[in-house]
Amino acid sequence: MSEPFSTILGTDGSGGRCKYLNKGIVGLGSYGEGYVAERVEDGSLCVAKVMDLSKMSRRDKRYAQSEIKYPTNCNHPNIIRYIEDHEENDRLLIVMEFADSGNLDEQIKPWGTGDARYFQEHEALFLFLQLCLALDYIHSHKMLHRDIKSANVLLTSTGLVKLGDFGFSHQYEDTVSGVVASTFCGTPYYLAPELWNNLRYNKKADVWSLGVLLYEIMGMKKPFSASNLKGLMSKVLAGTYAPLPDSFSSEFKRVVDGILVADPNDRPSVRENFQIPYINKGLKLFVQALKKNERILDSVKEVLVSQVSEILSSEVSPDAHRFLESQINYDVTHRGHVNKLGGGNGKSWKPRFLQIVRGQLILTDDEEGNNPKGLNLEQVQGACPVPYSTAKRDFVFALNTVGGEGMWFQAVSHGDMEMWVHAIQRGIGVA
């Protein structure tokens, strides 16, 4: 039996008998290899991915087929372009567009050795905007990506960013509830809270992954990390992360805080993100830079400019208003006894008295006001209930700050917890 794909992928000595020349390996996976390949016809470079189907489970075979099915339906400058595929002797060959500058993970990893620098704000913003445009296209075609991570963000010498690897992609139909999938998949560091809680999820899970990726681009590290999955789940569900570098504007950091919200109902869609004034302005700057870039084909520019123009001209959806700049409501007042989870290694719950008054959260040891600590509501990102499975206590709610810090409180009843969450949301102008 001859080697599979011998008439398609060969070596330099077989140029006249094959369509592509193997120019060297670029990656290894559990079930195969990826090669840089040169098309004999015109000398252009692409990537040839060869996978051994005989070693795969039924589920992994479905994921392999996804790498063909979904990119075939995608035609966008910020998504790796599918070229062709072949199957022979239990081997699958997929030929895809080649990105000549590696992937984003390779740009971030050197930071751990000290051999790297932070991205400048406009660089990080333009990376993020292109990924948003790719995800907007994917979601508009009723697809989920489900494996957004730095290793799947491919870079080119033209400045274009390409989202690749559709192995976990999923096609869906819109439903009344907006819930479309339940399969637990993707890379753990980027998984949304709803997946850790084994809940059904929708395109907001992709948005969470994009938020984790944006934090990684800005901070050169992941927002949530641990030595095991249980520890990672705990950190993701707690929703706390280290502040981003001061070199980035507060407006840009607020974008991260707005995305990394545990409740998907309070998390913006990609389209709603575009309505944030900072992002909206960034899109206009991106188009200006795009038009001046002589390394990008005019036909590619036209596609991106057309998409951005459509986004900028679209009306703000009713739901999007709650993701724009909020207005602190100084009239909201709420007081009551709570238990607060302390920090440090010996974490314990301690009785406290909490107040919302005149645009501030004030925490004291008792109702008499001893040992007061205040927090301006402008520094509060949101509040949400914490499931019993996570908190191991009833009636717990979390308060998240703009800087990424979190505080957990235990109310005296379920109704009291709901009143606290609603009062905080009213106070910060999102309810």
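Placed from the backbone N, Cα and C atoms, the Cβ positions cover glycine too.
Fair warning: this is a prediction, and the values are worked out from it, not measured in the lab.
Pulled from Swiss-Prot, these are the features on record:
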type: DOMAIN; residues: 20-279; note: domain 'Protein kinase'
type: BINDING; residues: Val26, Gly27, Leu28, Gly29, Ser30, Tyr31, Gly32, Glu33, Gly34, Lys49; note: ATP binding site
type: ACT_SITE; residues: Asp147; note: active site, proton acceptor
type: DOMAIN; residues: 331-429; note: domain 'PH'
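The helix, strand and coil residue counts that DSSP assigns across the domain 'PH' (331-429) are 21 helix, 43 strand, 35 coil. In terms of local Cβ density within 10 Å, Gly32 ranks first among the binding-site residues Gly32, Gly34. In this structure, the recorded positions under consideration are Val26, Asp147, and the one with the smallest number of other Cβ atoms within 10 Å of its Cβ is Val26. Note: the Cα of Val26 (ATP binding site) and the Cα of the residue listed as 'active site, proton acceptor' are spaced 20 Å from each other. When secondary structure is read from DSSP and collapsed to three states, the residue listed as 'active site, proton acceptor' falls in the coil class. For the pair Gly32 (ATP binding site) and Asp147 (active site, proton acceptor), the Cα-Cα distance reads 19 Å. Mean predicted confidence for the domain 'Protein kinase' (20-279): the pLDDT average there is 82.
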